[in-house]
Amino acid sequence: MTDDAALYDAVVMLGFGGPEHPDDVLGFLERVTAGRGIPPERLAEVGRHYFIRGGTSPINAQNRAMRDALAERLAARGVGIDLVLANRNSPPFVADVLADLARQGRTRLLAWATAAYSSYSSCRQYREDLGMAVEQLDGTHVDVVKMPPFPDLPGLVEANIDLLAEVLRQTSGSRELLVLATTHSLPTALAATAGPEAGRSGGDLYTAQQRALVERVVPEAAARAGLAVVPEWRLVYQSRSGAPHVPWLEPDVNDAIGEAAGAGVTDVVILPVGFLTDHVEVSWDLDTQARQTAEGLGVTTHRVPTVGAHPAFLDSLADLLAAYATNAGRAPGPGELCRGDCCLNPRIQRPVADAVHLP
Ligand SMILES: CC1=C(CCC(=O)O)c2cc3nc(cc4[nH]c(cc5[nH]c(cc1n2)c(C)c5CCC(=O)O)c(CCC(=O)O)c4C)C(CCC(=O)O)=C3C
Ligand SMILES: [Fe+2]
């Protein structure tokens, strides 16, 4: 936006990042895991997932496609604001993007991250990425505020319903069917701080947000697929790292498949609610590893795609971005979903960028 009335000079779209070349893999993994106590065996194993596919993660290309799809939709809504990609763990790094924007005189920035739920890794750490980048700018004053997570976004719900219904239609002849909604596991200590209520009502908004989403998605998808009974579902976790003695959210998707097989389930539908695009954690952990687990037990898997390219999701996200970018006539205030110590990692003390919330 160029007119003086505009609130922001650009929208910074924050991605996790990923390697795009074999030479980038080790540096990427070192950045992700610096100071996090990830065992070397786990790191070697995860490195293998990237090298097997030529040392490239699809995540950056997927985020570029999402950015283009959103930019088109913002333009169609008459919101003339640039969407600029910036990553935590691979170029273009957040600090470099903010420095570039500052050099261009674009110093009032709105940020949104490609992560829908509240937790340290999926929300606050992105605010830290921004906070540290701002601190490094020395000289220029940049104002950046991050949008809160969007677990209730109508298009997130609708896209998950539509994609799950399509898979359920194809499985309607199955005898015993179970839906496993999967999301990234977290150390239980970080799950406990997820959300603004951390320390007061026990936190773990991360799990609660995703459970609430799946609760809405499964019955409606079953109805649209014409199933006579609503299939059972469980929220399960994937991609655990960290040392074995540190507790993380469970059950792991592979263990859940084992339990299901033991209980006579013949078909498992895997719904990756925790992620927006089919990046390496989705494709390796679900399409390779979990699928192998299931095959070994005689269980058939049916994987639902992630929502990142679904028009209902993109339309709805564009509406949300447009509302924030124009502020829909309201003054920016402190974030309701992101306030104080919400999503804090008690082991880490870093500057954080502010968060905004539409009242
Ligand atoms: C909540 C969450 C999301 C979802 C929200 C969001 O998207 O932001 C997410 C996304 C992603 N995680 C990714 C990759 C990795 N995550 C790791 C490690 C970790 N993730 C964690 C959490 C999350 N991660 C945590 C608590 C750790 C332990 C270390 C730490 O405390 O930070 C490691 C280290 C090796 C290992 O797996 O042990 C890798 C390589 C990729 C890129 C995939 C690609 O390249 O295509 C993506 C999108
Ligand atoms: Fe991760």
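Every residue gets a Cβ built from N, Cα and C, even glycine.
Note that TrEMBL annotation is computational and uncurated.
What TrEMBL lists as Fe-coproporphyrin III binding site is Ser57, Tyr126. As annotated by TrEMBL, Fe(2+) binding site applies to His184, Glu281.
If you count neighbouring Cβ atoms within 10 Å for each of the binding-site residues Ser57, Tyr126, His184, Glu281, the highest count belongs to Tyr126. The CA atom of Ser57 (Fe-coproporphyrin III binding site) is located 9 Å away from the CA atom of Glu281 (Fe(2+) binding site). Cα separation, Tyr126 (Fe-coproporphyrin III binding site) to His184 (Fe(2+) binding site), rounded: 16 Å. Within the set of binding-site residues Ser57, Tyr126, His184, Ser57, His184 have a CB atom less than 6 Å from some atom of ligand 1.
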